[in-house]
């Protein structure tokens, strides 16, 4: 089990690094939005080759990749949206079993289905040389669509990491508190 816990820890470190990269994308997004507002509303000239459409499209590209890079880490740290009506009343072991069921029934299949659907979508965009529908927009739209692939891969690996930790906690190889950020 130590090997699997080590593998889970490696996934967690990779997720943390990717989420930090996503955080820097957030900084870039704020800069892009501020730049767009200032240049559009105050008449500041834009550098050659850069237009409002490109800036606006880069904003939603950055936003998309920020979410894609952060979602796996958010799941690992239980920072995702969760509607728990009954869960607070359950014991730690029961919470682990519920989480395990959710992983097996929803998270892992959902991520695999999303990956299965988004991969050909991205490849088709790449092979066709798809560009923005706007005449002045960004090219290489496959990069944006590739964000879906990244998102589902990260959700899958976050689910695998959580799965390993839950099994280890249920076996007694790992303290229950290490499965998530909350106290079980």
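Glycine is treated like the rest: Cβ placed from N, Cα and C.
Curation does not apply to TrEMBL; its annotations are automatic.
Range 58-76 is the one annotated as transmembrane segment, of 58-76, 77-95 (source: TrEMBL). Broken down with DSSP, the domain 'Tripartite ATP-independent periplasmic transporters DctQ component' (29-167) shows 105 helix, 0 strand, 34 coil.
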